[in-house]
Amino acid sequence: MNNAKVRIYDLSKELNLENRDILDICERLNVAAKSHSSTISESDAERIKAAAEKFTPQQPKKPRVASRPESKEDKSDPKQQKILAIHHKQEKSGGPSPARPTPPPRPKLQAPKAPTPPQPPVAKASAPKIQKQEEPAQEAPKSVAPPTQPLAPPPVPSLQSPPSKPAPPTPPAKKAAPAPRLAGPPGRTASPNKTAVPAPAKPKVNRPEIVSLKDNRGQARSPGDREEKVAIAAPEPPKPKVELRRPKPPRPEEDENLPELLEFPPLSRGKGVDGDNDADDGDLLSTEKPKPKLKRPTPPRLGKPDQWEDDEDEKANKAKAANKGKRRPKMDDDDDDLDIDGDNGPKPTLVSLSIARPPKPKSLAAKPSTPTVAKVKKPTLKSEAGSSAGGSSRSRGDRRDRKEVVQKPEVIMLDRSLTVRDLADLLKISETDIIKRLFLKGVAVQITQTLDEETARMVAESFEVAVETPERVAAAAKTTEMLDEADLDNLVRRPPVVTIMGHVDHGKTTLLDSIRKTKVAQGEAGGITQHIGAYHVEVEHNDKTEQIVFLDTPGHEAFTAMRARGAKVTDIAILVVAADDGVQPQTKEAISHAKAAGVPLIVAINKVDKPEANPDRIKQELSELGLLAEEWGGDTIMVPVSALNGDNLDGLLEMILLVSEVEELVANPNRQAKGTVIEANLDRTRGPVATLLIQNGTLRVGDAIVVGAVYGKIRAMIDDRGDKVEEASPSFAVEILGLGDVPAAGDEFEVFTNEKDARLQAEARAMEDRQTRLQQAMSSRKVTLSSISAQAQEGELKELNIILKADVQGSLGAILGSLEQLPQGEVQIRVLLASPGEVTETDVDLAAASGAIIIGFNTTLASGARQAADQEGVDIREYDIIYKLLDDIQGAMEGLLDPEEIESSLGTAEVRAVFPVGRGNIAGCYVQSGKIIRNRNLRVRRGDQVLFEGNIDSLKRIKEDVREVNAGYECGIGCSKFNDWKEGDIIEAYEMTMKRRTLAT
């Protein structure tokens, strides 16, 4: 021992003693040592060595020898002895069933409570162990497997047995003599027989397992258990060993190793394996003689048990830190092995020791018994449940498959673009099937990619599912009924809402100005209307003042949505047609909007004061569109007017009022307001502003309103003449302030009495709108990732980034719709931002980062925006007429196109002579047309065959080099790469020029 500190287990190896013996000596010498891994000083080690010389010859050698015959591990020895003692007691109690093995050991155990008698039974028990050890030693795993298998099949009986088994330990505790202890556990008679036979085989296989199990239970065991283990080891050797057992108090230190064995036997008893009983009994009877064989090989195994003990002690320390429950499943198997080993050990001594610790085994045995039984059951249940669950899951999957096949729809409705996942859900098939089907057709898609209606239809039809497309609802169709059943009792007449529609420059706004006696048209940029105007007019009719609300819609083709929106909310439509221009495309569109909205139509033939006016031609053209004038036998009212001179305006107003009376226009003013957004914009000083048309109810300042997905509380209302009003009745249009955001034109609004409900409704709608926008954005992308990469490699991918700011929401939608109509095959338009309001510095920053141009329509620049744009080099274009805006954007797109290289002919010449010069030849030519220019391209033709294409390297007239030769002159043409000139050849001179391409080409 050269080290300053010496470990207990090193000392035990040096002295050839067991760790527990060294610990006993330490305790007697008052040396502080808790476990085999504890360290002591060299002086203490010398004291222990001196004491060990007196102490060791009896205890350490004998327990080791005993452990060797019973099991190859020392740990198994004490376990076997204790178990044997307990099992013998059980054998006595349970003698009737296993009569053969039990009677011989019983008298020996009872009479010699002293250690001497236990030795003969040990020999008998060990004999059967020898047979099993010899046979299963070769097939150790097999011997282990059979006990575990029987445990699994009878989980229920095992549950019943454990409760009875914990009870028996109590009676042995009460009895002081070892014999009564044997009588105590009678219910375990079956298990002792089993354990006695398998004990020899299991110690070999389970030694490592027993170690781990001991470690787990050794932590919870009490010092009494250690005493029992020591007692077990002593009885097997001669009587002096029993005398050594007297120092039981010091043995509590051995608890770490020994108590584990004691705990396991009760647990195993509780488990009791019925299947092993009969076989074990037979083995015991037949194999009593081979015990000496087992004892003989034990001496060479001395080294191994020490190592095993050390390992067990180390594992025990680790087990203390770990959770006991985790290793309990292993303990179940080890418990059975321990029971088997215990049958062979000296039962009387074990019984006496176990009696001293009865209360602890109860709690310990009771607690582990339940988990052990449960653990035995759990694997079986899990395996059974797993198989059953697997079968059930498979059956469920089969059912699902069957259901899917059965539920596969025969017809589906496609009204929009769908993602692959949505289409799969609709068709009740797997997404991978759709992806495979498209891949086979040469279309590579992802599960989240959006498919257009045509592709979705193709996929559905390929799966033999019919596709139906719902009827398209016209944009002008009225989809919402503003009147409720509750309004029927409070209905009153309301003014008619009249929408003026027609082709651009046919005089719509001028007609309205004449009626209102205002000058609106003069204020319009370019003299054309570019957003809806709402005005109310008071008219004298039948000695009463009647009110009419007019909506003026744009006539330009870009404002189709505005015209549809106007027709949707109108009661009467006035179609203005210029008498000198006739029916135009927007005239036809206005007629279709009026028919879709189902509103009566009045035709105002304008500009009848012009000399070239021809009202009859207008009536003829309208009749071809299904509008037959009343004077021609039809039902369409046609009124000739002159907006500029005010001719026959009264007749037009009278017809409007007559039609409104026939239509019976009513509303309930005594309810919360409902209506439609005519226009919306972002004002730099007032914030979001919306023009609302009240179609039912009364709108008041302070109302909580939800416009589409926008919530707001009305702060102010302004009528068409700029005056503030406190309330607005049905059919009136007002501007409101106080919205949280700019709503979309055409959205319907509703007033709520509770602000909380209004906010919740707005949030829900905002979420729906967001999903719709995302889907539209995905479906509207004309460039996919695959096409982008392909075009980028070919240098064909070009994009024009635009930031669009407009005065009102309606104009914004019109411009975006017009941009979509532009050809975008080679140049894509990317609208990074489109919003109403003025151009801000934030817009400039976005444009600078993305290389976009800013387009402002009827809007202004915020303070600092112009300076920021100049600093960042951002181009800001301002427009007030949509024609110019669209033309400039188209020009910008064409500017991104690569110019086209075309061939431009210069002239032709005929070869009339060939002159050899040096190594080559010179063609003497006569210029027939155009001119020949040096360093331009030429093409040599001989008959219908092209012989050569190259450059004109030299051009001479007479002997002087010239740059060009005009028609009618002779010249010499030389080409370094062509000398095969012949008279009669035709030389064509041309050059390649770059021409700007257009979007159409």
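Keep in mind that glycine also has a Cβ here, set from the backbone N, Cα and C atoms.
In Swiss-Prot, the region 'G4' annotation falls on 606-609 of the listed ranges 494-497, 522-525, 606-609. Record note: among 502-509, 582-589, 502-509 is the stretch given as region 'G1' by Swiss-Prot. Checking Swiss-Prot for region 'G2' across the ranges 407-411, 527-531, 752-756 points to 527-531.
Looking at the stretches 544-547, 552-555, 768-771, the one that Swiss-Prot records under the feature region 'G3' is 552-555. The Cβ of Asp505 has fewer other Cβ atoms within 10 Å than any other of the binding-site residues Gly502, Asp505, Lys508, Val608.
The DSSP secondary structure for Lys508 (GTP binding site) is helix. Secondary structure from DSSP puts Gly502 (GTP binding site) in a beta strand. Per DSSP, the secondary structure of the region 'G4' (606-609) breaks down as 0 helix, 1 strand, 3 coil.
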